[in-house]
Amino acid sequence: MASITIRGVKKNYAKTQVVHGVDLDFASGEFVVILGPSGCGKSTLLRMIAGLEEISEGTIAIDNTVVNKLEPRERGCAMVFQNYALYPHMSVAQNIGYSLKVAGVAAAERTQRIQAVARVLELEHLLDRKPMALSGGQRQRVAMGRAMIREPKVFLFDEPLSNLDAKLRVQMRSEIRKLHRRLSATSVFVTHDQVEAMTLADRLVVMNGGRVEQVGTPAEVYSRPASRFVATFVGAPAMNMLEGTVTLDGLSLLGDSRKLNVSRTGLPVGSKIAVGIRPEAVRMVAPGTPGALAATVDLIEELGAGRVIYVDLDGAPFSVVTSEIVHPEPGSTVGLQFAESDLHFFSSESGARLDVFKASVPEPAPAIL
Amino acid sequence: MEKRVTFGRWTIGILFAVPQLLLIFTFFYWPAGQAVYWSLTLQQPWGGGNIWVGLDNFRSILANADYWNSITASLIFAGISTGLAMVIALVLAALTDRQLAGSWLYRVVLIWPYGIAAPALAMAFRFILAPEAGFMAFANHFWPGVWDPGLDSADAMASIIIAFSWKYVGYNFIFFLAAFQAIPRSLIEAAAMDGSGVIRRFWDIQFPLITPTIFFLLVINITESFQDSFGIVDIMTAGGPANATNLMVYKIYSDGFKGLDYSGAAAQSIILMLLIIALTIVQFRFIERRVHYR
């Protein structure tokens, strides 16, 4: 168990900077997920914690000891790699026990500890196999065993589930969660998969372009995204985003073609903003219902438990998720309704969240064509 | 469904293969067949028929102490030069793979020696290793007479081993470097996370994973050290002093073309061929077992 403190960490490759000053604190025993699109610097950050990449600027401390200059083996971290990185010429038992062998642990104790780990991961019958003869899920478990056996202070996961098929991924996800509950070692898990991130994380770190966009619990990140990027990245289908301008009596959307009556926002009239609304928060009503926005149906995706209806709002794409059994004809007109409290406002320039009206009564806002 | 590209008529396929088949037959099977035939007959140096003698040529060669001396010299040469060429190349490739300072230089420069014809490099080494004027003249300056490949048989053997190894270091290096670079970076990183240091990682991870390449190079190096050594011996020592560097391949040439004993030389080439075949079989039987193919 160990806390991790990251202060002003930057990473440069020659002249390109890929991580631009990151400050984070991970508490002891916490399961932190770093979420971001590929190339956002999340893996680089993880590898800097592991000691596989040099830290260009700033400090990383594990348990209040700065580890910048320490070798990977001196940091007490274990890592699970995306492609598992199992040693192909060693058996499962040798793979799991390699770190003990390097550390000079006696053969008898080694065997015993390998057995113990194998029991937890249900690998006992596979100990003599080579990685080649294992399935993807089994390889994944061996990679976890190799990390577990060292009883590390910190577990690092570098997109460990992305090479698995969908079913196995769900299964391994819950196994990782169970394992964490059991070992309660500080864990840092890097992924680009938001479902993985939401389900695993105690705390979520959303990164973009080498910067941290938001830190918070999965629920916080979902319900109060700190930036336009987080809003559209977290949640599937993505949050609908409409460009708008603040007017005297509300908002005009989509280049003045739609008006939306909302409570006073407190923003100067004429300021450009982006208005976000989650597809789950939109209700579909009969066309012509007072206060509903009229839209044309483009496409319906049937998901069984629900359906995603993609509509066209004066050329802007917009989606609605509904659990009601409705099948509007593509090309037909529908009305869209949502509560004012479900709207998210972001600055058009910086993308930062704007907290505008507080505790306002949601009143149906008539849309005027 | 047939996915391969096939020829509509089998004759077209044969026609495409004919040039290659002709080359192989003319320059490989025919001469090899002739060598077998000659080794069983007594050829007259200036033509005019031959006499069937059965295995007499082989008997007389194998009864000759000079020939056994030549086999010993060839085995020593093959063992030491293969060992040197492979170990040096392995070390250089391992360092280059670690991207140490100056590694770009080795990568470019080390490929050149293999491109140099054996006689040309032998000529260069003849000057470099000349006892009176070359690099080794310094040694002779301090310890007079310590280096003289013209008189001392060990020095002569050392000279041709150095020249041959120098050529094959470049060849081996390319293969070793390719093998090292084919090992996924994450394996090395995983070993580093497991607490393994640089040297330990080399022996535990990298070395086992390049054993297929090591095995391939071992077979090639040993085979080539029996065959490709001719140009080097011819230019540097001409088999001397006192037959100390009279390797099998050189003895075939000198007995055949200088001594005009065509039949004896043909028998020697059959023996050399059998020896190389036997060595290769041994390597496949006993060394390949320790190779980890991925």
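Using N, Cα and C of the backbone, Cβ positions are placed for all residues, glycine too.
Annotation comment: TrEMBL describes B:71-283 as domain 'ABC transmembrane type-1'.
If you look at the transmembrane segment (B:12-32), the same-chain residues 6 or more away from its ends with a CB under 8 A from one of its CBs are 273. According to TrEMBL, the transmembrane segment annotation covers B:12-32 (among others).
Marked as transmembrane segment by TrEMBL: B:67-92 (among others).
The transmembrane segment annotation in TrEMBL covers B:104-129 (among others).
Taken from TrEMBL, the feature transmembrane segment covers B:156-180 (among others). Using a Cβ-Cβ cut-off under 8 Å and counting only residues 6 or more beyond its ends in the same chain, the transmembrane segment (B:156-180) has close neighbours at 73, 76-77, 80-82, 84-86, 88-90, 92-94, 96-97, 106-107, 110-116, 118, 121-122, 125, 129, 149-150, 206, 209-210, 212-213, 216-217, 221, 224-225, 228-229, 232-233, 236-237, 240-241, 244-245, 247.
Look at TrEMBL and you will find B:201-220 (among others) tagged as transmembrane segment. Only residues 6 or more beyond the boundaries of the transmembrane segment (B:201-220), in the same chain, are considered here, and those with a CB under 8 A from a CB of the stretch are 82, 86, 89-90, 94, 172, 175-176, 178-180, 183, 187-188, 191-192, 280, 283-284, 287-288, 290-294.
Here TrEMBL flags B:265-287 (among others) as transmembrane segment. Within the same chain, residues 32, 34-39, 43, 57-58, 61, 67, 71, 215, 218-219, 222-223, 226-227, 248-249, 251-253, 255-257, 259 sit at least 6 positions outside the transmembrane segment (B:265-287) and bring their C-beta atoms closer than 8 Å to a C-beta of that stretch.
Same-chain residues lying 6+ beyond the ends of the transmembrane segment (B:104-129) with a Cβ under 8 Å from its Cβ atoms: 89, 92, 95-96, 135-136, 147, 149, 159, 162-163, 166-171, 173-174, 177, 228-236.
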